[in-house]
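Taken from TrEMBL, the feature domain 'FPG-type' applies to A:237-271.
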DNA sequence: CGATGATGAGCAC
DNA sequence: TGCTCCTCATCGC
């Protein structure tokens, strides 16, 4: 479940359940065993998310656990200290009081990083809409000087940290932006719309644990349509709705692979723009 | 460039 | 039963 809202949500859960408490740290699967042992018996200090990257610090340990979920990684929290070791658990974190078990499976990255390495990783990232210190001007400057399509830029972690396939498709739809528009031709108002969508929608994703992007007038309750059924659970306009009617105009939603990822958009609501030569 | 791999839920067939 | 996938580093051509 890996867009930035998941990482930030998990950071909150780790802090809630483990921060300030001594932990058991193991790697039932074995691949993280030596590193996990460094945290074993320590007091957990803090988990922090930067985009899709998660860092966990413990007292008296210089290095931090660095986790990137990739496409498949998942966290599972339970209040059961005897939770069966089902599947390949890369990292298991437990505390006694109150009882809590956290299991991490299938991450792209799970390793210890020195403070210098942590800084190098976070320094590569663009502004994260879920962090209060995020500076959107950094993202605008990068978009403003390239001919790369805006749909690709929205997924570039050096432009927006934490944004993934769903939020990019939905933000572009909500602002009726042609996904193939070169970044340098994006209008300032369009950029502001994208950024404000990320800063409004992603915190809702952190809070609810699902991605909802439809305006009140397009919800199932407002229109009488059936709720969406998909693994991600949220109400969206175009993501993974290829061939189905657009919720606004009825046009079949389009799908095209671009940059190795599936892009969903509506050709009617997000028409190919007239040639643009001047930014405003 | 494209292929590969971490891994398992959810859904189509 | 099999395919997809909210990702991205790495490898080979």
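The count begins at 1 with the first shown residue.
Quick reminder: no glycine exception, Cβ is built from N, Cα and C everywhere.
The helix, strand and coil residue counts that DSSP assigns across the domain 'FPG-type' (A:237-271) are 0 helix, 14 strand, 21 coil. Counting residues 6+ beyond its ends, the domain 'FPG-type' (A:237-271) has Cβ neighbours under 8 Å at 149, 151-152, 155, 165-166, 169-170, 172-174, 176-179, 211, 213-214, 218, 223, 225, 228, 230 in the same chain.
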